[in-house]
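> Okay, handing you the structure first.
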Amino acid sequence: MLLLQAPGYSAQIGTTNSRNLSQMLSQKLRPTREPNPLVRWYHEARYFLEDHWKRAWVMALWLGVCAGLFAWKFVQYRRRAVFHVMGYCVCVAKGGAETLKFNMALILLPVCRNTITCLRTKTRLGKVLPFDDNLNFHKVHNLGVAIGVGLHAISHLTCDFPRLLHATDQEYVPMKRFFGDTRPDDYWWFVKGTEGWTGVVMVVLMAIAFTLASPWFRRNRLNLPKPLKRLTGFNAFWYSHHLFVVVYILLIIHGTFLYLTKKWYKKTVPLRSSVRAVKILKVAVYPGNVLTLQMSKPQGFKCRSGQYIFLNCAAVSPFQWHPFSITSAPQDDYISVHIRTLGDWTRQLKDVFSEYEVVLLVGLGIGATPFISIVKDIVNNMKQLDADESSSDDGRSEEDGSGSSHQRKLTSSSSSSFRTRRAYFYWVTREQGSFEWFRGVMNEVAETDKKGVIELHNFCTSVYEEGDARSALIVMLQSLNHAKHGVDIVSGTRVKSHFARPNWRNVYKRIALNHRDQRIGA
C-alpha cells in the first residue's frame, strides 16, 4: 500500500503513524502505579532483595552480632554492683566497647586483598558473599567503630566518672576493689592513668585517620593554604591509615588495664601472599599523561583477560600498593599496564621513570622541535656542572672554610638535579633545507660539547642509502669536505649527515652494548 501511494503522501502518513506509534509506546511503557501502599512496598522490597540479597544478609548478620554483643554486655553490667553507682552509663559504655572490640577484630579482613582474592577464586563463597564490596564493607565497619568509640568514650567521660566522683562514702564501698580504698579526688585522676591516656590518644589518632580518609582530603577537594596542602591527597590518607598500628598496640594496653575487669582478648593477624619483583622491559609516555610499563612475567604467573594487579614502586613508597588493569594478553611473555598520572603517587612514579642516565631522542621533520630544546637544556646543564666542579676545586684550595662549604653545596645540588650523562639525537627529515632550521643550535652543541656527551645524527631520506652506487659520489664529496673544512655539505653544520632511514636495529644494539645495566630513556 505504501509503495502504490504517492511519495509525499506516503512520507506524510509514515511520519504521522510513527508519531502516533511513539506516543502509544510511551504510554504503554509507563508503569502502572499500585494504589495499595502495602502491596507497592512489598514489590519494592522484593525487587531490592533480588538485586542486593548478598549485601542484605551480610549486613543483617553484622548488625545482629553487634546488637547481640551490645545487649549481652549491657545486661551483664546491669546486674553488677557498679550499676548502683554508675547507672546505665556504665552499661552503655561497656556495650559500646564490646562492639568496638568485634569491629576492630574484623575491620582488617575486607582490606586483606590476597585473602579476599583467594576466597573468591578458590572457594564457592563468592556465590553467597559480595567480595567485590569489600571496600564498602570496610567503610561500614569504620562507621561501626566510630559509633562504638562514641558510646564508650562519651559515656565514660560525661557520665560514669562524674557519678563516681560525686558518690557518697557508702555508695563507694563496692568500688574500692576497682579504684582503691581512697576515692579519686578529681577528674584528672582518670585521664592520667594508663586506661585514660591510652583511650585519649586512640581517639585522637582515629580522628586524624578518619578525617584524612574523607573524600574532601583524599581527593584534594579542599582549597587549603600551601603549607597545609600536604595534609591532602592519597599519600596523606595512606600514611595516616597506618596510625592504626599504634592504635592496635594502645588498644591491647587499654584492654589490659581495664578498671572494672581484667579479662580481654583480641588478636588479629593480616596475611599477605608472596611478593615478586619484576624487571622493567619498556617504558613509554603517551599523550594525555599516560605512562605505559612493560614488565617481565614472573615464573608461574597466570592471569585472565580483564583482571588487574597491584603494583608497588619502592622508589616512590615501599608501603603503597595500587591496582591497575592488565593491558597485555594472557599469552604474552610480558605484563603491561597503562597508568594515568592523576594523583601524587602516579606523578611521582612518572618522575622516577623520567630520570634516565642515557637519553635517546628521535625527531621526524618539524617534530624535532621539542627535542632541540631538550638538547640545549642538556648542554646548558653540562656547562653549569663543569662550572660548579671547577668552582668546587678552587674552593677546596682556599683556606676560607665557609666559602668552600658553600660552593660544595652548590655542586652537590647541581649534580643531584641533573642526571643525564649521555644523549643520542637522531633527526630524520626528507628535505635538505630542513637542516637550516637549527643550524645554529647544531654548531653550538658541536662546539660546546668537548667531552662528547651528546651524539648528533642527521638523516636525509631523499638520498639513497650509503653504500648504494647512486649516492657514492655525494658521499665521497661529503667525506672530503668534512675532513678538510669540518663542515657537512648537506646540512651546512659541523654534524655529519647520513642518507636514507636509520637502521634502528643497529642503533638500538650499539646503544645497548655501550650502556649495559643502565636505564635508557627514549
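The backbone N, Cα and C atoms fix where each Cβ goes, glycine too.
Keep in mind that what you see is a predicted model, and the values were worked out from it rather than measured.
Annotation source TrEMBL lists transmembrane segment at 56-75, 197-217, 237-260. Feature annotation from TrEMBL assigns domain 'FAD-binding FR-type' to 268-377. Annotation comment: TrEMBL describes 386-413 as region 'Disordered'.
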> Who are the chain neighbours of the transmembrane segment (197-217) in space, where the CB to CB distance is under 8 Å and they lie at least 6 residues beyond its ends?
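For the transmembrane segment (197-217), the far contacts come to 142, 145-146, 149, 153, 156, 191, 231-233, 236-237, 240-241, 243-244, 246-247, 250-251, 253-254, 257.
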> Can you work out which residues elsewhere in the same chain, 6+ from the ends of the transmembrane segment (237-260), have a Cβ less than 8 Å from its Cβ atoms?
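Counting only partners 6 or more residues beyond its ends, the transmembrane segment (237-260) has Cβ contacts under 8 Å with 77, 82, 90, 94, 101, 104, 178-179, 193-195, 198-199, 201-202, 205-206, 208-209, 212-213, 217-218, 266, 268, 317, 319-320.
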> Limited to the domain 'FAD-binding FR-type' (268-377), I'd like the whole-number average of pLDDT.
78
